[in-house]
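The structure appears below as structure tokens.
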């Protein structure tokens with residue numbers, strides 16, 4: 001309990017020192033103007049405190065959970081907006097997004113979201129959306145791992161729909177080329193700077209062998225390994241990821257500091273030690289993104305500032321606000337189902 005208490009004290013101090021980072025960039029769809037940090041000031045004043053507490057306890061149990069929660073937020077926002085659709089299980093007319101290719105056997109942390117929602121419902125029934133809870137959990141996950149904090153605009157509502165097909169076409173894949181990744185970010189109203197900064201979240205977490213095997217043995221269907229991959233790093237990866245079998249074997253996205261949110265990810269790209277093809281192409285395939293990688297590798301503070309701004313911007317993708325959507329009582333199912 002003492003360690004959990006120290007996490008919460010650290011988080012509280014961090015938020016007290018955090019400047020409000022505002023983002024006026026345009027996102028496609030939704031009414032993001034109805035999102036503002038004090039949305040729950042009267043209706044649920046302890047909402048952020050409750051989310052912080054549950055996330056801190058989950059992080060205490062398993063530090064990997066921070067990366068998992070951040071990934072859930074990203075995968076939610078890129079598919080019909082930040083509306084909690086990813087959290088829905090299959091039920092009635094709902095076909096879950098959890099079984100789509102980008103999420104199947106890799107998206108995790110749903111139990112923690114359930115814990116957060118239960119605590120919020122106990123404090124303020126029918127008030128705080130699952131979409132907002134997940135957005136706050138992503139911010140808290142950054143702070144717990146040593147990353148930046150930011151003021152989260154709130155007021156999202158939850159969707160009553162989900163799409164198993166949309167994640168397959170809207171989310172970037174680990175083996176995508178640069179142009180495909182950039183297009184998918186652009187489709188969500190995010191620019192090149194957002195792409196590079198948000199990719200920096202891969203400074204924490206892990207990826208499955210099945211997501212990077214092609215770089216070791218069959219890059220772009222050539223039957224040969226990716227010759228740009230740093231040789232000693234490639235040898236380490238081959239020990240963890242055989243040519244066949246071991247699909248679920250894990251490797252750190254940032255081999256130098258997998259549990260600490262820092263700018264090591266960008267330094268790795270410069271050394272040709274990006275785990276995923278979708279990581280390494282940020283340095284190898286586009287001059288503008290290469291310069292951003294270099295800048296963030298040299299200046300962690302600048303990376304942190306841009307990451308916070310880009311997370312705010314991503315969190316404003318096509319939100320449901322006002323009377324649209326609903327406030328789910330349980331994040332896994334729509335109300336009255």
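Glycine is treated like the rest: Cβ placed from N, Cα and C.
Look at Swiss-Prot and you will find 24 (among others) tagged as N-linked glycosylation site.
Per Swiss-Prot, the feature disulfide bond maps to 44-124 (among others). Residues within less than 8 Å, Cβ to Cβ, of residue 124 (disulfide bond) and separated from it by at least 6 positions along the same chain comprise 40, 43, 44, 46, 47. Taken residue by residue with DSSP, residue 124 (disulfide bond) is part of neither helix nor strand, so it is coil.
Swiss-Prot lists 71 with the feature site 'Transition state stabilizer', giving sequence analysis as the kind of evidence. Close to residue 71 (site 'Transition state stabilizer') in the fold, though at least 6 residues off in sequence, lie 107, 109, 201, 205, each with a CB less than 8 Å from its CB.
The Ca(2+) 1 binding site feature in Swiss-Prot is assigned to 76, 79, 81, 83, 85; the stated evidence is sequence analysis. In the three-state DSSP assignment, the secondary structure recorded for residue 85 (Ca(2+) 1 binding site) is helix.
Residue 77 (disulfide bond) falls within a helix when secondary structure is assigned with DSSP. Around residue 77 (disulfide bond), the same-chain residues six or more apart in sequence whose CB sits under 8 Å from its CB are 188, 314, 315, 317, listed in sequence order. Feature annotation from Swiss-Prot assigns disulfide bond to 77-82 (among others); the stated evidence is sequence analysis.
Marked as disulfide bond by Swiss-Prot on the basis of sequence analysis: 130-331 (among others). Note on residue 331 (disulfide bond): other Cβ atoms within 10 Å of its Cβ, all shown chains, come to 22. Under the three-state DSSP scheme, residue 331 (disulfide bond) falls in the coil class.
Within 10 Å of the C-beta atom of residue 191 (N-linked glycosylation site) sit 14 other C-beta atoms, taking all shown protein chains into account. For 191 (among others), the entry in Swiss-Prot reads N-linked glycosylation site, with the evidence type sequence analysis.
Within 10 Å of the C-beta atom of residue 202 (heme b binding site) sit 25 other C-beta atoms, taking all shown protein chains into account. Under the DSSP three-state reduction, residue 202 (heme b binding site) is assigned to helix. Summarising the annotation, Swiss-Prot assigns heme b binding site to 202 and lists sequence analysis as the type of evidence.
Other Cβ atoms within 10 Å of the Cβ of residue 262 (Ca(2+) 2 binding site) number 19 in total over all chains. The Ca(2+) 2 binding site annotation in Swiss-Prot covers 203, 254, 257, 262 and is backed by sequence analysis.
Sequence-distant neighbours of residue 209 (disulfide bond) (same chain, 6+ apart, CB under 8 A from its CB) are 240, 241, 242, 246, 247, 248, 249, 250, 251. What Swiss-Prot records for 209-241 (among others) is disulfide bond.
Swiss-Prot lists 218 (among others) with the feature N-linked glycosylation site. Classification of residue 218 (N-linked glycosylation site) by DSSP places it in coil, neither helical nor stranded.
For residue 249 (N-linked glycosylation site), other Cβ atoms within 10 Å of its Cβ number 17. Under the heading N-linked glycosylation site, Swiss-Prot lists 249 (among others), citing sequence analysis as support.
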Cβ-Cβ distance under 8 Å to residue 218 (N-linked glycosylation site), same chain, at least six residues away: 224, 225
Cβ-centroid neighbours of Ca(2+) 2 site 203, 254, 257, 262, 8 Å, sequence order: 204, 256, 258, 260, 261, 263, 264, 265
Those binding-site residues, out of 79, 81, 85, 254, 257, that come within 10 angstroms of residue 331 (disulfide bond) at the Cα: 85
Neighbouring C-beta atoms (10 Å sphere around the C-beta of residue 257 (Ca(2+) 2 binding site)): 18
